[in-house]
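Student: For reference, the structure I am asking about is given below.
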Amino acid sequence: MSDSENDYSDESSGSEYESPVKKGKSAPKKPAAAGSKKKASATRKPAAKKATTTTTSTTKKSTTSKKSESDNDDFSGDDKSSSSDNENVFKNIASSAKKGKSIEEIYQKKELLDQILLRPDTYIGSTERQEEELWVWEDKRMVHRKVSFVPGIYKIFDEILVNAADNKQREGNMKFIKVVIDREKGFISVTNDGAGIPIQVHSEHKIYIPELIFGNLLTSSHYDDSEKRLTGGRNGFGAKLANIFSTKFIVECADSKSKKLYKQTFTNNMRSKEDPKITSYQNKTDYTKITFYPELDRFGMVEFDDDLVALLSKRVYDIAGCNPTLKVSLNDEELGIRSFEKYINLYFPDEENAPKVYYEKVSDRWELAVTLSKESQFNQVSFVNSICTVKGGTHVTHALSNIVTAIQEQVNKKNKGSADIKPAFIKNHLSVFVNCLIENPHFDSQTKETLTSKISSFGSRCEPSEKFIKRVLDSKSGIVASILEFAQFKDQSALKRSTSSGGKKGKVSIPKLDDANLAGGTKSEDCTLILTEGDSAKSLATAGISVVGKDHYGAFPLKGKLLNVRDQSTKVINNDEINNIVTILGLKYGKVYETLSDLRYGHLMIMTDQDHDGSHIKGLIINMVHHFWPTLLRMPGFLVEFITPIVKVFKNNQKPISFYTMPEFLKWRETNDKGWDVKYYKGLGTSTPGEGKEYFSDLERHKIDFEWDEGANDNIELAFSKSRADDRKKWMAEHIEGTFLEQFGVKKLTYSDFINKELVLFSIADCERSIPNIVDGLKTSHRKTLYSCFKRNLKKEIKVAQLIGYVSEHSAYHHGEASLYSTIVGMAQEFVGSNNINLLNPAGSYGTRIAGGKDCSSARYIHTRLNDIARAVYHADDDPILSCVVDDGKKVQPKFYIPVIPMILVNGCVGIGTGWSSTIPNYNPRDLIQNMRLAIDGKPLKPIKPWYRGFLGSIEANQGSKVQGGQYLSKGIWKKLSDNRFEITELPIGFWTQDYRELLDELETPGTRKKKKEEKEKKAASRKGTKAKPTTTKRSKRVDDDDDNEKVTEATVKSYTNYSSESTIHFIIDTIQPVDEINIEKVFKLVSTINETNMVVFDEEGRIQRFATTTALQEHFFPLRIKHYQMRKDFLSERLSEEYSRLSNKARFILAVVNKELVISNVKKVDLINKLKEMKFDRIINKNSNKSARDKIKKKKNAFDEEDAAISSDEEKDGAQEEQDDDTKGYDYLLSLPLWSLTLERVKKLIEERDSKKKEWDILLSTPIQEIYKRDLDALEKALDDQDAYDESLKNQTESLKKRTKTKALPRAKKISAKVVKDTKEAPLTKLVKPTVKIPTTTDSNVSGSKRKKSDDTTSTSTSTTTSSNTKPIESFFAKEDKKPTPAVKKSTLVSLDSDSDFDDDVVVSSKPKAPPKKTSKVIELSDESDQESDQESDQGSDPESPPKRSKAPPKKPTTIATKKATTSKSKVIDDKSSDDEVIKAPTNRPTRSRVPPPKSLSFLDSDSDDDDLYDNEESSSDSD
């Protein structure tokens, strides 16, 4: 039995229906009952849910709880206990039976009208009085207060009012609605003009149309669902409900077409009606007027009270606001509301602290306004086709989706340290007003409190403009700030709760902690915790602690840099590193420390590397303590730093000298450089344990106490607070180069000095690593890589892994290999969206646009070399004039290279440093070449726009953008194929293929991304052994409180097909809606923005500058480039002059010796020097010590014989004798000539070279630098032509191969026989048991055959031979058969191979007679060897304990394993062809296999370069690699 079957079980006996109201009238205790209801309501008040604007609900939970009292008061039934609808139905029947009721009396059928009167809740809501916090019209404004009202009477009024408003949507000429609420007479009338109701008889029902629609249930003009309507009526109840719940209901209709006036009166709850009165009507205006007298007794009312009138008046104002073109009047007073925006202002009338309201008319069907919620609780006032949806619905969720998403992105961006803010949390801080027109709306019930229509059926979309969203996000709105404030409060509360049980403990168990013995005890204040930078530093500290003792000193290694805890509360909770430190020290969040006795340690010592990153770690620790426990920093001696030397110098047996700062060492080196050996201590790991003990033995000398000062608070916040990024820019700009912190001998250090003199150096270095230089467009890591490639003259491919090592060694790169790997890969990538000019050549898989380069191979698999175009960009002739950086005491990369065009605009950049970030798009190098030519000619530069190599889409200026600086729109390419199909052949810049596939999956199946994210979090949590955190919050039953507020809410894509390759884009998409009805570019994200608003770079002086336009950047670059062309010309001219003089003097010298004018044998060197001076030979000292390595290689290449090599090599020996005086050095180029070069032939050749140099010199002097520049531009343009030809060849190759290759699938796999299927089922792999039988010994072979008989559990095989017919499959070793082994072949050719080597060129072949076959046990082991393990080279053959790894032997080579003589037990190895994963474990006594030696390891050419040279080319054209 269902609940519905018992709906009428509480009725009094009798089949005739009696009005419950009449019974209520006759009841003498009616007023008392009403009073008791109020009292009951008051007692339940504290438990009631707090009402808001959202909950202007006419049906509350209290309705159900009050129903029993209502039933008791309204009905005189005997069984009061059975009056509740929620009572058990069987109890009701049993109770009724006891009272003598028959089955007919228990089960009743009611007419619909009677059922409506009996159960009004379904149709109009409760008929009982209730109290709620609602908006009402009072004192000429909207007021939010507690209201006592009956929802039912409110609803019947609303039905008549909405009917009038619906006429506006049906009839556009409607002009007014007049509402009269007569409190004295107890009636309400609603009048509207517009198209009237036809006054004629319905042909089917034989009654007039007005009577049909106002006096008969289930009549409506809205039953045709194929018709798109924007009205509120739907179910055929509407106005009839007002008639049913009224004592009198008067209908008055004027029809100008039929010239009739219709008037009819209904009474007795629509049961009685008068005949219609039809009179003549001559007016041209149609109208409809409904007047009704609510049955107040039914609603427990005597009159229209103040609360009801205020509530009904508010609904009249609602209608006026939703229909601003209508003249709406209330009690003959026109309201004068002409827009929805003005209606909204009624809620905030001239308040001093009124929040700013942001309104937008999105379209003809959507109006939207958003403001900050004062109560931090979501409020909404919404209307659907003039119906007030007090509980919101899908329209509110849809209207807010874009806004909430934008706020969420903004908040999460500013609140990076905390957990992502959920949409529901954001909505709690919003108040929203929505007015919309929805086609054929669906509601949760007849009360129409919640819209339930699907968004796809709305007939329109609410898409607020970017301008509106930006206004909402503006700081003036206070929305983002309010959300951030509450989020931080929430995080801080969670943080405080997370360590509520912390504090001082005797012992703690934390991995890698070496706890002090007295820590946590009574003497804990005397203990010191040493935080070290990594494990290696901890070992140094441990060695030192052995000197001072473990009682008072503990050590704990940090994994790396600590988290910046400011605004990072949620991350702090989940940060193991910080939690460990808090536990070790015994700290508690939120506690103010006045003494150190509550801690496990009284001192915190920081021991980090003496470099920039070490300074940063110190700062982060200071920041953490200052943020959570600032009073600890004020306690003298709590925070201490341990300093170690950064440089030590050694000389013979003298005592080493230590330096603790680089400026200090450089100052010393100016006067004390000779004879000293220098050792750089970049990390603590450089120090030996012995040195560590020395440091700790003189602890007072190596520690510095931090001291609180007046400016400490401000300076620490300056360095680490996110809100002070602009202050940090000024802070770094004001730093004076050369300023350093004196450490050695200092006992105390103020926090301000540390921040302003030490930490600032890290911030500057961080920017140098992250932000490129305007001159060469390179960051430091890119410059070091390019320098190393030029130094090595990298013309032949080497592995990236090798290049990483080379760069680290030769450019003093001090960071991780992973960072350098990403740098090298990034310089070589050439897919769309990466480089316009890739300086390195990608030989291997360097990533594609499928994953944006993330799909690149490991460094050990890919190769690279210098790209041919690199030297066209960075000309070799500029190398000698560059100023180099000195690192670790040697010259490394230049401060900047000087390219032919501004490379900063060619490949762009993205970088984030301290206080600064930089984002520069890519531009066409040909445009830059053209602009440089214009600049050479003194003409103005042409504007350029972003350009990306290989991109087929369009990049256009965003004309509507109000962003300061240039903004462009990058658009993909799409084409309509049919009504519901289109194709995409290009994506906007930065949108990778894999990401786009995920977007299409989301558009096809909404929620896909969320599901993948949850799965990823679950996997990550399972690896850590923790529970995955829920990604969704608890959902509310209310539609507009739904937390799942994602951008994609409904499916748009029916299906799609992906034809994209690694370099091209091609998707064919089938849509659910017609293509023409979809905003393809927006929905499918085929447009992205490219900004020129953050072009930040270092200039040539090392200062950070921001450029507003690309033209300004080019104008800054050009004079710098011209200046360096002049420097290049001057240098080359000086060098040619020197070479001319050198060749002339050499020719004269050789000629003088040959003619015996100069005697060089048996002469003192001093006399020889004087003779050379007398003969006026030029003294030539190599001033241009920083010579181009390119010239050296060129000369070596041109040395055709030993004499040429000897003459050219003398230049490299200039200055080799450091102890010589200047006179001797000046003539070394002559005196170092070999004797066998002093010939007349050599004189002739030298004169020819001299004349050639003179000609070259003259040409150089006569060529303007502008002409030199143009030649370089021409050369670069030619290189670009070659690059374009290369790109085209790749494209043509693909097309050519596609034409030659027929597109077809692989042949289908063949079916297997039934016997094989049966065998497979009988012996499934899952049931296999690994055989483990001991290896037989020689003694076992002599056992009688009966003893060696195979049992059911023993596996036996025949001896493996070279004959394929005797080779058994692996299944034979698992088969339970007892077959005799096949006799072995008498002779066998044995081949020994190294299965691990790819170089098995030497094969040992032996032919030995075989002994009779003997049963030998095998141990077969299944291996799950990974690809990585198989890549490693190992000598398994020499290790009898380790099983050999299987590897496929080279083709056409036998793979039989050699065996021992018959006297020993034979080891048999099975050639398993069934599985690559099964590895055969050889017996312990297997014979030694012949092993082919590996090829000689490759090594770099030795470098004995001059430190004075920019490059020492280690790789000539005949590179051995």
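Using N, Cα and C of the backbone, Cβ positions are placed for all residues, glycine too.
It should be emphasised that the depicted structure is a prediction, and the values quoted were computed from it without experimental measurement.
I grabbed these lines from Swiss-Prot:
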type     : residues                              : note
COMPBIAS : 1-10                                  : compositional bias 'Acidic residues'
COMPBIAS : 36-48                                 : compositional bias 'Basic residues'
COMPBIAS : 49-62                                 : compositional bias 'Low complexity'
BINDING  : N163, N192, 220-222, 233-240, 446-448 : ATP binding site
DOMAIN   : 527-640                               : domain 'Toprim'
BINDING  : E533, D609                            : Mg(2+) 1 binding site
SITE     : K561                                  : site 'Interaction with DNA'
SITE     : N564                                  : site 'Interaction with DNA'
BINDING  : D609, D611                            : Mg(2+) 2 binding site
SITE     : R728                                  : site 'Interaction with DNA'
SITE     : K729                                  : site 'Interaction with DNA'
DOMAIN   : 771-1273                              : domain 'Topo IIA-type catalytic'
SITE     : K779                                  : site 'Interaction with DNA'
SITE     : Y813                                  : site 'Interaction with DNA'
SITE     : S819                                  : site 'Interaction with DNA'
ACT_SITE : Y861                                  : active site, O-(5'-phospho-DNA)-tyrosine intermediate
SITE     : I912                                  : site 'Important for DNA bending'
SITE     : W992                                  : site 'Interaction with DNA'
COMPBIAS : 1021-1037                             : compositional bias 'Basic residues'
COMPBIAS : 1201-1222                             : compositional bias 'Acidic residues'
COMPBIAS : 1354-1368                             : compositional bias 'Low complexity'
COMPBIAS : 1422-1438                             : compositional bias 'Acidic residues'
COMPBIAS : 1454-1467                             : compositional bias 'Low complexity'
COMPBIAS : 1468-1480                             : compositional bias 'Basic and acidic residues'
COMPBIAS : 1503-1521                             : compositional bias 'Acidic residues'
Student: Cα-Cα separation of S819 (site 'Interaction with DNA') and E533 (Mg(2+) 1 binding site), in Å?
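Tutor: For S819 (site 'Interaction with DNA') versus E533 (Mg(2+) 1 binding site), the Cα atoms are 19 Å apart.
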Student: Which of these recorded positions has the least crowded Cβ, counting other Cβ atoms within 10 Å: N163, N564, S819?
Tutor: S819
Student: Tally the residues of the domain 'Toprim' (527-640) by DSSP class, grouping H, G and I as helix, E and B as strand, and everything else as coil.
Tutor: 54 helix, 19 strand, 41 coil
Student: Would you mind checking how many other C-beta atoms are within 10 angstroms of the C-beta on Y861 (active site, O-(5'-phospho-DNA)-tyrosine intermediate)?
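Tutor: Y861 (active site, O-(5'-phospho-DNA)-tyrosine intermediate): 13 neighbouring Cβ atoms within 10 Å.
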Student: How many Å separate the Cα atoms of E533 (Mg(2+) 1 binding site) and G238 (ATP binding site)?
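Tutor: Answer for this pair: 76 Å between alpha carbons.
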Student: By CA-CA distance, flag whichever of N163, K240, N564 among the recorded positions is nearest to W992 (site 'Interaction with DNA').
Tutor: N564
Student: Between T447 (ATP binding site) and K561 (site 'Interaction with DNA'), how many Å separate their Cα atoms?
Tutor: 60
Student: For R728 (site 'Interaction with DNA'), what is the tally of other C-beta atoms lying within 10 angstroms of its C-beta?
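Tutor: Neighbour count, Cβ to Cβ under the 10 Å cut-off: 20.
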Student: Take the Cβ of W992 (site 'Interaction with DNA') and count every other Cβ within 10 Å, whichever protein chain it belongs to.
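Tutor: There are 22 of them.
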Student: Could you state the CA-to-CA distance between Y813 (site 'Interaction with DNA') and D609 (Mg(2+) 1 binding site) to the nearest Å?
Tutor: 16
Student: If I take the alpha carbons of K729 (site 'Interaction with DNA') and N163 (ATP binding site), what is the distance between them in whole Å?
Tutor: 64
Student: Among G238, D609, D611, R728, these being the recorded positions, pick the one whose CA is nearest to that of N564 (site 'Interaction with DNA').
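Tutor: Looking at Cα distances from N564 (site 'Interaction with DNA'), the smallest one goes to R728.
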Student: Between the Cα atoms of R728 (site 'Interaction with DNA') and N163 (ATP binding site), find the distance and write it as a whole number of Å.
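Tutor: If we compare the Cα positions of R728 (site 'Interaction with DNA') and N163 (ATP binding site), the gap is 64 Å.
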Student: Quick one: pull the CA-CA distance for Y861 (active site, O-(5'-phospho-DNA)-tyrosine intermediate) versus D611 (Mg(2+) 2 binding site), whole Å only.
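Tutor: Approximately 33 Å lies between the Cα of Y861 (active site, O-(5'-phospho-DNA)-tyrosine intermediate) and that of D611 (Mg(2+) 2 binding site).
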Student: So what sits near D609 (Mg(2+) 1 binding site) in its own chain, CB-to-CB under 8 Å and at least six residues off in sequence?
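Tutor: Those within reach of D609 (Mg(2+) 1 binding site), by Cβ under 8 Å and sequence separation of 6 or more, are E533, A537, K682, G683, L684.
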Student: Looking at the binding-site residues N163, G238, K240, D611, which has the shortest Cα distance to I912 (site 'Important for DNA bending')?
Tutor: D611
Student: How many Å separate the Cα atoms of D611 (Mg(2+) 2 binding site) and K561 (site 'Interaction with DNA')?
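Tutor: Just about 13 Å between their Cα atoms.
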Student: If I restrict to non-local contacts, at least six residues apart, and a C-beta distance under 8 angstroms, what lies near K240 (ATP binding site) in its own chain?
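Tutor: Sequence-distant Cβ neighbours: F214, G215, N216, L217, T219, M270.
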Student: What's the CA to CA span in angstrom from K561 (site 'Interaction with DNA') over to G238 (ATP binding site)?
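Tutor: Cα-Cα, rounded: 69 Å.
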Student: Find the average pLDDT over the domain 'Topo IIA-type catalytic' (771-1273) in the predicted model and report it.
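Tutor: Taking every residue of the domain 'Topo IIA-type catalytic' (771-1273) together, the mean pLDDT is 85.
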Student: Return the residues near K779 (site 'Interaction with DNA') by Cβ distance under 8 Å, restricted to its own chain and a separation of at least 6 in sequence.
Tutor: E768, R769, S770, I771, P772, N773, C909, G911
Student: If we count other C-beta atoms within 10 Å, could you say which of the binding-site residues E533, D611 has the fewest?
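Tutor: With the binding-site residues E533, D611, fewest surrounding Cβ atoms within 10 Å: D611.
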Student: Count the other Cβ atoms sitting within 10 Å of the Cβ of Y813 (site 'Interaction with DNA'), across every protein chain shown.
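Tutor: Y813 (site 'Interaction with DNA') is surrounded by 24 other Cβ atoms within 10 Å.
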